[in-house]
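Colleague: This structure is in structure tokens; I'll ask about it shortly.
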């Protein structure tokens, strides 16, 4: 039997080395994608040949061991395949802290730590799925699931009628992507490529900037309307109606953007996906990645519920404002995957991908998640509007304008990244000292226009 396997191995090796028509000449660029041959890795192809020529009884006797090995391989790639794996124990600790009624600030801290590796692993799993769906659809899926943490936190905050946490977390996600993620990417990319001129395609950045400006207009109109007309029940009702109409317009614009991205002008977004010959390949299968993704989404929902339910208690215990925890701390956790990936691509002088990650995520939050929450709240008879108050809307306006000016010439250097990063530090300091009286938050009373009546 050993001699037989040796002969088979030599035969397969000979076919691969000599350019057998089934393995080299018979393959075209469509058959090979991300290291796959008709959906299989070269290792899987050679193994299937050996099984066909082997004794069927020998193959069937090894099925259970193959399944166990397959599971262990997936476990190693998904759980241990990240440097953030050391934070996974925070997940059972958070569940135990909630079960045994530990301090609510401990539950908040442990849940936040547990969300960090989950957000990164969700990005990894969507990348694995992207090998089977194609680069454009995969990139869109990656941007969507990359914001899974923010979306789940928003839905749970809406369900618990914590509109202040909802608005703060969504605003913070936009600010984080545009200033922190993009800023550190341009800073690190500029420092790593001092002797190279960093360029990127302005076309995609212009489209995202226009969408962000449209979203900003929809945020500013309810605020300006309230200041122009004055406070009152009629004004609050009119502001709510205006916000709902604006949200529908924003969703229509986002659908048009998806059609623009996937159909009519796909080449603008496919250009950033072109890679070198050293393209990586998937390490787990499609359904395995999909199953892991579904399981991690459930865990993210559980931890997000802990975060939303304990954020006020953590604010009181630590003496830190709810606005700072929601706008600064939560988005840093939720954007961990985008942040790491964007910086890595900037180091490799692939700014088109870095910009696509940061701007794409910010655009999706602004033009899809925010108006979706308004519409969902409408169906739940919850009064949520687009009036994010003067301080929050002003921060958003300056962020979008500064980002648009930064990206207008199609070139980058570390100074641009440094300035964006410093802008984020200033905004973070502002919300660190910005505190709303806890009794007004808990009672849902208007404070500086934060809530709609």
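Here the Cβ of each residue, glycine as well, is placed from N, Cα and C on the backbone.
Annotations in TrEMBL come from automatic prediction, not curation.
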Colleague: Which one of these stretches, 54-73, 414-433, shows up in TrEMBL as transmembrane segment?
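Modeller: My reading of TrEMBL: the transmembrane segment range is 414-433.
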Colleague: Any idea which of 315-333, 334-352 is down as transmembrane segment in TrEMBL?
Modeller: 315-333
Colleague: Taking 242-262, 315-333, 353-378, 390-408 as candidates, which has the most Cβ pairs under 8 Å with the transmembrane segment (106-125)?
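Modeller: Result: 315-333.
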Colleague: Residue list, the transmembrane segment (170-192) vs rest of chain: Cβ under 8 Å, 6 or more residues beyond ends.
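Modeller: Cβ under 8 Å, 6 or more out: 147, 150, 154, 198, 212, 326-328, 330-332, 334-335, 338-339, 342-343, 345-347, 349, 351, 354-355, 357-359, 361-362, 365-366, 369-370, 373, 388, 392, 395-396, 399-400, 402-403, 406, 412-421, 423-424, 427.
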Colleague: With Cβ-Cβ distances below 8 Å as the criterion, list the same-chain residues six or more beyond the ends of the transmembrane segment (282-303) that contact it, or say none.
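Modeller: Residues 34-36, 70, 73-74, 77-78, 81, 91, 94-95, 111, 114-115, 118-119, 121-122, 125-126, 128-129, 131-132, 145, 148-149, 152, 156.
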Colleague: Tally Cβ pairs under 8 Å between the transmembrane segment (315-333) and each listed stretch (78-99, 212-230, 353-378, 414-433), then give the stretch with the top tally.
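Modeller: Most contacts with the transmembrane segment (315-333): 414-433.
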Colleague: How many helix, strand and coil residues does the domain 'Sodium/calcium exchanger membrane region' (289-432) contain under DSSP?
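Modeller: The counts are 120 helix, 2 strand, 22 coil.
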Colleague: What else in the chain is close to the transmembrane segment (353-378), if you only count residues 6 or more beyond its ends and a Cβ gap under 8 Å?
Modeller: 139, 143-144, 146-147, 150-151, 154-155, 158, 166, 170, 173-174, 177-178, 181-182, 185-186, 189, 200, 204-205, 208-209, 211-212, 214-216, 218, 243-244, 246-248, 250-251, 253-254, 257, 269, 272-273, 335, 338, 341-343, 345-346, 384-386, 407
